[in-house]
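Report on one structure; see the data block that follows.
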Amino acid sequence: MAGGRIRARLRRSHLYTFLRKPRGNESGAPHPIQGPGYSRTVHCNQPLLHQKKPYKYRSNYISTTKYNPITFLPKALFEQFRRVANIYFLLAAGLSLTSVSPFGPWSMIAPLAFVVGLSMAKEAMEDWNRFLQDMKVNLRKVNVHKGDGVFGYRPWHKIVVGDVVKVEKDKFFPADLLLLSSSYEDGFCYVETMNLDGETNLKVKRCLEVTSPLDDDGVFKDFTATVQCEDPNPNLYSFVGNLDHDRQIYPLEPGQILLRDSKLRNTSYIYGVVIFTGHDSKVMQNSTKSPSKRSGIEKKMDKIIYILFFILLVISLISSIGFGVKTRKDMPSAWYLRPDDAEDMYSPKKPAAAGAIHLVTALILYGYLIPISLYVSIEVVKVLQAKFINNDIHMYDEEHGTPAQARTSNLNEELGQVDTILSDKTGTLTCNQMDFLKCCIAGIAYGVRSSEVELAAAKQMATDLDDQDEHDEELANVPRNKHSQQVSWGNEVGSEIELETVVTSKDGKDPKPAIKGFSFVDNRLMDGNWLREPTCDVILLFLRILAICHTAIPELNEETGQYTYEAESPDEGAFLVAARELGFEFCKRNQSSVYVREKYPDPGQPVEREYQVLNLLEFTSKRKRMSVIVRDEDGQLLLFCKGADSIVFDRLSKNGRIYEEASTKHLNEYGEAGLRTLALAYKKLEESEYSAWNNEFQKAKSSIGADREVMLERVAEKMEKDLIMVGATAVEDKLQKGVPQCIDNLAQAGLKIWVLTGDKMETAINIGFACSLLRQGMKQICISTANVDTLGQDGKEAVKDNILNQITNASQMIKLETDPHAAFALIIDGKTLTYALDADMKHLFLELAVDCASVICCRVSPKQKALVTRLVRQGTGKTTLAIGDGANDVGMIQEADIGVGISGVEGMQAVMASDFAIAQFRFLERLLVVHGHWCYKRIAQMICYFFYKNIAFGLTLFYFEAFTGFSGQSIYADLYMLTFNVILTSLPVISLGVFEQDVSSEVCLQFPALYQQGARNLFFDWYRILGWMGNGVYCSLIVFFLNIIIFKDQSFRSDGQIADMAAMGTTMFSCIIWAVNCQIALAMCHFTWIQHCFIWGSIAMWYLFLLIYGIVTPTWSGNAYQILVEVLGPAPIFWSATLLVTLACNLPYIVHIAFQRSFNPMDHHIIQEIKYYRKDVQDQRMWKREASKARQETKIGFSARVDAKIRQLRARLHKKQPQSNAMSPL
């Protein structure tokens, strides 16, 4: 309905006490808008004025790409020539155009152009995909006022400052808007900012009363106003401005601003005027430019190439000096070279000039030491690796049809070297769904279904105890109840200690279909059975509190006949669903009352009861509670209160603490199970008592001034005391599927996990317990500070000193800890983090954080997320990975070495800024532990092998040149050298980089500790790199000198002829082809037909090439004419030399690997042998025991929780044993 008000003209302002109500000039004087930083002027509903300066602002078009059509060529070329090898080949290609080059120019220019062109094409393709995702956002439609009161749809990117837009329910705001009016009569709307700050609770926004009547399309025909406000800035929580309307000036506050990428909830529509567009919007101000990321291996590869450059320069200098000496001494006697008429290059009178010119020749000749094809091979391999990641069926989310996506392939190997994961909470670890799971009423616990944390921990505990049975007699004798439905965390029952397994329901089936928000199972309360409980009167009160104490609105679903609820928080919605399912259905709200349909005591005739709402004291993060004062149908005044247990317990009366002790015990158990808890209490009020309080309350509520909130808080405190405990709720903040197992396995892999969230501290701690980042017994270090906004400079210095003392004391406490099993968790809020990130304190903060088992940063802004990520990355020098799903995570995703976006149901900003995208957090385990492990080893082995084969090949050129008087002559034909890297050795190394597996994916997941091989860089450290380079030097020596020894002074053919240079060069080249291809075969652990085809096919390709090349006319083939058929093929010495040299080249590697596997095996060597001898199939118990032994001792994850529980059990048993021995007769 156009412009109409919804829900019986319900005035939402009636529900809110602490929310500031802007009332034009009554809410305060206009803000002083002047000076730098406050120059923006917005002409509302007059967008044409913003098409020219000085009011022309940035468009609403956004871009997260690295390039555009103008910058692509220069920026992409810069990226390519950041690689030092490419710079060398560019210079070599230029020199190849001169007469001193030993090769033709095409042989140098063509490979460089191919390599650089292919890499640039890959960059262009990846950036094009980013552009397409940007356009999905830019082409979203929104309703815009086009003039004369007519609205029409327009793409987001065509919105300009000053436009009036109409945003409908569940739609994102296209820009930063000033709220003008909403579908509620008093201008309220509900906004979900999860995409910005991670908060799951809905925010209440309210327009100025002067604009509230603008509730219909037609009224905007004549509407005009002017906004003077602050310039674009990244602060999400502040806004300063004034609205000039009808010659009146009204101050604007953050409560009237709707930020881009937040979403309209529980409100049919709103009207707003565009204030900030595109990259001026606050969310985009918090983002950073797409960085150019390079992997650690690629950076280290540059250092190796520097070493090869040094070697190249040294041997080139040796060659040029040798040539200069030879020219001076031997050239005069070489009369046939006409030394008296020689050019500078051969003039005996100018040996220095000859040596200098020869240096250029040598630098080009020995260029094969620098593997230009390495880069293109790596590009090909990484693209194919990315294809495997994209097509991994185990990372495909069937629910949303979303596969994993490697948005850039440059960082594949970095996935195998991650040290720290920095994760968002909401939408990443959790799915923003609350399920009512358990409760405690009158000190009695209800709810038999277990949380995900309990299920995972119980399963792990059963496995651990089975593994320890044969080694630990004490634990072997612990009785276990196999039929219980609850988890008993080692509680004593009689004289025994039970360990109970977990089931979710009887017979493995759920009797009813799943109800969203309600996972509660307990027959004592279901179906009205609570009426037979001895505490039924308390249960009745508990259910009424759930159904009445809230601010939600019911909506009837006509299809199901049931009510659904639009609540400010998922918790509140879960409570109402629970009350409905247990027989107390909240069905209506009007201006003054709520109505609850109560099924019991007669289920056949439910009774609709009215509760008159007199006052509502809403929940705030400071109060940590909410209360409602109601009058029931009997005229009884009641106060219902729900809030954090610590807050509610402090406000109980002496007579109201009957259930406190039992409830506290159950609340601790719920916390250990990772559940979010709230305590419920009530009190009855006398009419006179309420009347006196209400007069004082209304006086405070209607006051104007800065102390209004303080007065309201003080009056509320007077009422919320002397309460009577009723019970407590336990709600499961539903984690993404498989999150506890994923975190546990990542911890087993040796990864540290930090949580950075915009949510409040209590919520973050609850999720910490749910994810097993926190557990009972872990020492929590909470670093916080008071509100510093109102403090002067001296006060802030004092706060800073206080924070520094807290950090120093905490660090000292960790150092003095003597318990080897002690674990510490650091929890810090955003305000404190502002000081902790200062230059003089951040390194102390980082040292403390690194010493802690887990770190949780709450109430942090997007900018702070990025700063923390930068601190960890730069401060530790280790690889960081950031993962998130919202626009508030973009900064940290771009700042981390690897950014992973969750492609969930919300906006795609995180995915657009990420390097890899997955649908759920649990896929991160496979991405890192499987693909990361494989990619790291593949790339590391591939690079080492590349240097090995190029050194083996390139040094033979140097030996031959030295052997021939530093003449600059190559022993190989030009075409041989061109095919060496491009054809004859390229495919095997690509197959190594794409298909190699030291262990299967299943084993990677069973033995997550294998991941540490990458994190510790075992396969690309200097020991291994220099070992492979040494192997290349050895191979080159064997190939050259063994062939020289074999062929020197010996007949090559049956007629007594000796080998010429062509025969010798071809034989040596054949030996190199055999040696390097056999070497890669020995280095591989996993063979498919593809590897066999590529390796042995490459060798066969060499002989096929020789055959074809030998057939070609001598004009082209030169000395290689018929070289295989007539020269080499018939000569037995050619075949025997090839065999002998190949064996001699690979013998040291065979000896090395045999010695290592026998006396100093690596972890994967042992697993390979177990798999080879099929011991994992023949002896499953042994295989499980090995997997258990391979687990690293961690301090986070449910394995750490189980280990702590087993240690607790063992301590109890030790304590019981002396007592039983003392009681036994001597």
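Note: Cβ is positioned from N, Cα and C throughout, glycine not excepted.
Taken from TrEMBL, the feature domain 'P-type ATPase N-terminal' applies to 42-109.
According to TrEMBL, the transmembrane segment annotation covers 304-325 (among others).
Within its own chain, the transmembrane segment (355-378) is flanked in space by residues 83, 85-86, 88-89, 92, 95-96, 98, 100-103, 108, 111-112, 114-115, 118-119, 301, 305, 308-309, 311-313, 315-317, 319-321, 323-324, 327, 344-345, 939, 942-943, 946-947, 950-951, 953-955, 957-958, 961, 966, 968, 970, 977, 980-982, 986, 989-990, 993, which lie at least six positions past its ends and keep a Cβ under 8 Å from the stretch. For 355-378 (among others), the entry in TrEMBL reads transmembrane segment.
Annotation comment: TrEMBL describes ASP424 as active site, 4-aspartylphosphate intermediate. Around the Cβ of ASP424 (active site, 4-aspartylphosphate intermediate), a 10 Å sphere holds 28 further Cβ atoms from the protein chains shown.
Taken from TrEMBL, the feature Mg(2+) binding site applies to ASP424, THR426, ASP885, ASP889.
Looking at the domain 'P-type ATPase C-terminal' (911-1161) alone, the prediction's average pLDDT is 89. Taken from TrEMBL, the feature domain 'P-type ATPase C-terminal' applies to 911-1161.
According to TrEMBL, the transmembrane segment annotation covers 946-963 (among others).
Long-range contacts of the transmembrane segment (975-995) within the same chain: residues 103, 107, 111, 368, 371-373, 377-378, 380-381, 384-385, 388, 938-939, 941-942, 945-946, 949-950, 953, 1065-1066, 1069, 1072-1073, 1076-1077, 1080-1081, 1083-1084, 1086, 1088, 1090-1091, 1094-1095, 1097-1098, 1101-1102, 1105, 1109, each at least 6 residues beyond the stretch ends and with a Cβ under 8 Å from a Cβ of the stretch. The feature transmembrane segment is assigned by TrEMBL to 975-995 (among others).
Annotated transmembrane segment per TrEMBL: 1025-1047 (among others), in sequence order.
Annotation source TrEMBL lists transmembrane segment at 1067-1087 (among others).
The transmembrane segment annotation in TrEMBL covers 1094-1112 (among others).
The transmembrane segment annotation in TrEMBL covers 1132-1155 (among others).
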Result, the transmembrane segment (1132-1155) in contact with the transmembrane segment (1067-1087) (3+ CB pairs under 8 Å):
yes
Within 10 Å of each Cβ, count the other Cβ atoms, then let me know which of the binding-site residues ASP885, ASP889 comes out lowest.
ASP885
Around THR426 (Mg(2+) binding site), how many other CB atoms lie within 10 A of its CB?
27
Cα distance (Å, whole number) from ASP889 (Mg(2+) binding site) to ASP424 (active site, 4-aspartylphosphate intermediate)
7
Per DSSP, what is the residue count of the domain 'P-type ATPase N-terminal' (42-109) in each of helix, strand and coil?
30 helix, 3 strand, 35 coil
